[in-house]
Amino acid sequence: MFENDTIVAIATANGIGSISIVRVSGAKALEIATKISKKNNFKARLATLSTIYDSKNEIIDEALVIYFKSPFSFTGEDVVEFQCHGGVAISNMIVDEVLNAGARLANPGEFSKRAFFNNKIDLTKAEAISKIIEARSADAVKLLARQLKGELTNFVDEIREDLLFMLAYTEVSIDYAEEDLPTDIYEQIENKMQKISLKLSNTLEASRRREGMIEGFKVAIIGKPNVGKSSLLNKLLNFDRAIISDIAGTTRDTIEESVRIGTHIIKIVDTAGIRDASDVIEKIGIEKSIQAINEADIVIALFDNSKICDDEDKKILDLIKENSDKKVIVVLNKSDLQNQFDKNVLDSFIELSTKEDINPLIKELELILDSNTFGDDITLVSKRQVLAVENTLYNIGLAKEPLKSGELEFFAHFITQALEDISSITRPYDNDEMLDVMFGEFCLGK
């Protein structure tokens, strides 16, 4: 739980700006606002222009003061916001006066924590608030806005409702065997289990596909040494991030940079050239390259049109086949130079010249990124949420055999575990909810 006191913090980012907001939450919020403004006529949800004074009765600033009366506030408590002139000094001076009047500094995330304990938000909304502040792309903002609106909460509630249904009927079967139950109840339960499993599996698949929407999709550029990987990276970034040299093995480590493609943020990884290397440091770089490929959402495989397809190129082609689950864009570089490369070994490819722009590659990247981000599938935005869904699926899987064999106590145990797992996404599971369903659905003790 949290302390039942009054907290204060600056709600806007540090630095120079036109406006700063100081937020106060707790039972003494209105009292403190009255004290430091010498006004007592604040009305809920109305902005009042007020002069803010320090303890020596000297003017600090003129600010708009907005009072949110409990429970109609973000935290569910009395909240006062001081919208003062921007900059570091003024907002800190107001915070000092609020502290002198009886508040304490808020801990990181404490306003959201209070909102959670006062049932103003659930854990999914708390996570969305945290991540939307750090969002770097329009994709991320749109995805997190859906979670803020309650999309994931509604999804979890539907799963919980079905699991509570199963558990309620199972408990009745165990404790009140003489009760008349629907003849097809176990068939209903089995069907619900199948539907839940499919929903959760689809959600996990969509979430893995869209994982890069929040942090940025990882794009690995691979190819043998001196094929033009660093040059391509620099063209994508529009500045010289990687050293360009005719000497094979110049890039000995992975280089990672972020860039915007359309509405998407991608993290481009320029890998060390993949070949049989004798240099120890270069070998480490190649190992990191292979790791980068394994971790990438999209792979750009680069080949040199002006050189024959050799064993090193074939090694790259083998890597592509080994990573067939990934989106791979094959690029035949230096297409304006004399053709030496056997194009028949490539199923499909994009040609890039040394003189023209890379728009064909940009368009292909955008198509793949769009396909990963568009759609109405429920998406999990944190590892905590993913783990909760995985555990729910696992326990539903364990419950199947006891249901078939009639071992209802074991079945109830695994369904209870699944219920606790899925509930942890929004807020901890309360066993009283299951009892409410059980006693509400059946006439026990008639």
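A Cβ is built for glycine as well, from the same backbone N, Cα and C atoms used for every other residue.
Residues annotated as (6S)-5-formyl-5,6,7,8-tetrahydrofolate binding site in Swiss-Prot, with sequence analysis given as evidence: Arg23, Glu81, Lys120, Lys446. Look at Swiss-Prot and you will find Asn226, Ser245, Ile247, Thr250 tagged as K(+) binding site, backed by sequence analysis. Swiss-Prot lists 226-231, 245-251, 270-273 with the feature GTP binding site, giving sequence analysis as the kind of evidence. Under the heading Mg(2+) binding site, Swiss-Prot lists Ser230, Thr251, citing sequence analysis as support. Sequence annotations record features per position, and here Swiss-Prot assigns domain 'TrmE-type G' to 216-370.
Other C-beta atoms found within 10 angstroms of the C-beta of Asn226 (K(+) binding site) number 20, with every protein chain shown included. Just so you know, the Cβ of Glu81 ((6S)-5-formyl-5,6,7,8-tetrahydrofolate binding site) picks up 22 other Cβ atoms within 10 Å once every protein chain is counted. Of all the binding-site residues listed here (Lys229, Ser230), the one with the fewest other CB atoms within 10 A of its own CB is Ser230.
Looking at the domain 'TrmE-type G' (216-370) alone, the prediction's average pLDDT is 77.
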